[in-house]
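Working notes, structure below.
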Amino acid sequence: MTLENRSTCLMTCQSSLLPKKPRFLSQKMWAPHLVVAYLIFVTLALALPGTQTRFSQEPADQTVVAGHRAVLPCVLLNYSGIVQWTKDGLALGMGQGLKAWPRYRVVGSADAGQYNLEITDAELSDDASYECQATEAALRSRRAKLTVLIPPEDTRIDGGPVILLQAGTPYNLTCRAFNAKPAATIIWFRDGTQQEGAVTSTELLKDGKRETTISQLLIQPTDLDIGRVFTCRSMNEAIPNGKETSIELDVHHPPTVTLSIEPQTVLEGERVIFTCQATANPEILGYRWAKGGFLIEDAHESRYETNVDYSFFTEPVSCEVYNKVGSTNVSTLVNVHFAPRIVVYPKPTTTDIGSDVTLTCVWVGNPPLTLTWTKKDSNMVLSNSNQLLLKSVTQADAGTYTCRAIVPRIGVAEREVPLYVNGPPIISSEAVQFAVRGDGGKVECFIGSTPPPDRIAWAWKENFLEVGTLERYTVERTNSGSGVLSTLTINNVMEADFQTHYNCTAWNSFGPGTAIIQLEEREVLPVGIIAGATIGAGILLVFSFAALVFFLYRRRKGSRKDVTLRKLDIKVETVNREPLTMHSDREDDTTSISTATRVMKAIYSSFKDDVDLKQDLHCDTIETREEYEMKDPTNGYYNVRAHEDRPSSRAVLYADYRAPGPTRFDGRPSSRLSHSSGYAQLNTYSRAPASDYGTEPTPSGPSAPGGTDTTSQLSYENYEKFNSHPFPGAAGYPTYRLGYPQAPPSGLERTPYEAYDPIGKYATATRFSYTSQHSDYGQRFQQRMQTHV
């Protein structure tokens, strides 16, 4: 519909609605009707599309946190009149600035129809219902609810910041979150770990909008809670992250005690240290020690030291620590290893034949013991428990039983208990007894059974006697703990007494018991025979001891024939090396002969039938320990001295083996290594004519064969060049030459280095020495000095 049509319609409608003017009415009567018609026209005009006033945006429900800004929208179309806001039905005023409400104002463009209500710094009082009204258009928006959220004003735990508690006493931790809207939610934390089980309640304030939340958490404080932190977190929609407050616990508790032993396992009598380690809040006031429930008067510290016995295994040692809150007592037993100790003693038992008997014996020991029951004089184990059960006993079961306890590697103990079985007397004397002819003799009759005999009588030949004297015979009765002894004493025993049988009969309430005893003669050795045997045994013992001493002496003497080295640090050797090609006959002897005795035999083989080499070459060895203690005045330094007298040394001299002629062969090599001292002793002889060796040097001291004043030093090294000399006293032998060539006697000229005829089988014996087996003797003309350290 166009505007022209719309105007035409309006005019038509208006004319149709107006009453027709009667011709007889005046103009004043038509005036009210014109006003009504006008209003109807305006209303219809506004109702038509494109021309009516309406809300394009109305306020909606909102939530705002106290202190924040809130805007309620209101937008009108086709309206240019007055707009106002109401709060819970109360008009706030007109215009943009609402002077009565400083935090309120209408914002937006009026040309655009925007009449928004802005609230700054929202408060609890702003929590209401709001409405936008177009007064001239008689329009009202929907009601919008503005909800103001208020966080808890304060969160507090009662009793903080430090709460003093008693260990073991339950306590409720209480947290309060005040004046929150909506009511706050409370969560508990213990050292950062969320706790469950809290009980929560709320209280509504007088304004009817805010609430206070109360939460209680039940705890059981212990000494481990000292310093523990509990946190209360309160939150609502106004503060999602919440507010927190914390408290710390201070728990008073009696001492917490740990009792230790060092060492933990001990033997009886050893020392033990008890240590009482304790923690307490408040501080410890003192210590008390007790053993087996009895106070130890002189122990007041945290350590107690004592020597333990077996009682510490069964009687605990206790340590009591106390403070203002209370005291704590801790006890412990000591693992004491001890020998068996009896707890229940076995009791002697008397019973009748056919009864059952139980013997009891209780021991204690540590480590666990082994218990055995045996009968005296028997090794058969009858039981391994504390009790020995004997069923249907007879008189044969009577006797002494042994209860033995064994603690491995610690000790053994035992107790004996007798068992008496009532019955007729049992005589336990020997059936054959002895006496000496002419002396006083005794025949004994012992009854160890129970009950004791009422009567004991002796009968022999035609004689009968219970007690008293009859001619040479006397009967006596003696009571002891083990039984009754009746003794028949015979004065001046005769031959007829050995031909008689003696009847001993005893009676008690259970009947009689009889034994037949034979008396036999005991032969006595004369005193002279006994004395002679004793003396002979003593003499034999003396001779045996002397033989043993002599044997040990000879054995020790024989063991001193070895040669020992007194100095082990330095040795000097002078070794000649000869080509084996010059003396082919020496090859077989190089490794087979190495002792001093064989060397002497090689040199003096012609005298071996007349001289006892074993005696002449006796070596007196000084013990190794003494040799080590001897000191070298040169501190191990060795000298090789030429053209000087040979120093006095412990050497075997060979003067007895040489003929005292002007020219003699000296069997000793020029280089001598003392195998007793370890020092090198070298004498260098010049290559002089044969006359230079006309006499033998006088020995430095007497040297008898087998002498004990020196230690023989037998050095048989290959020696240096000597002049040739005929062997004294043996003209028939070929000339014996060693070493470098010398001027030969007439008729024996040879070229230099020409081989000479050997003397006998052992011509190469002088090549052997006490040097190492690996020494090289293959080169004749190469001389070397060896130093061994």
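Every residue gets a Cβ built from N, Cα and C, even glycine.
Candidates considered were Cys232, Cys319. The record in Swiss-Prot pairs Cys276 in a disulfide bond with Cys319.
Per Swiss-Prot, the residue from the list Tyr420, Tyr638, Tyr719, Tyr753 bearing the note phosphotyrosine is Tyr638. Across the fold, the C-alpha of Asn78 (N-linked glycosylation site) and the C-alpha of Asn329 (N-linked glycosylation site) stand 95 Å from each other. If you take the C-beta of Asn503 (N-linked glycosylation site) and look for same-chain residues 6 or more apart in sequence within under 8 angstroms, you find Trp458, Ala459, Trp460, Thr514, Ala515, Ile516, Ile517. You'll find the Cα of Asn172 (N-linked glycosylation site) roughly 30 Å from the Cα of Asn329 (N-linked glycosylation site).
Residue environment of Asn172 (N-linked glycosylation site) contains 12 other Cβ atoms, counted within 10 Å of its Cβ in all protein chains. Within 10 Å of the C-beta of Asn329 (N-linked glycosylation site) we count 15 further C-beta atoms, all protein chains included.
The Cβ neighbour count for Asn78 (N-linked glycosylation site), using a 10 Å radius and every protein chain shown, is 13.
The predicted model assigns the topological domain 'Extracellular' (48-531) a mean pLDDT of 92.
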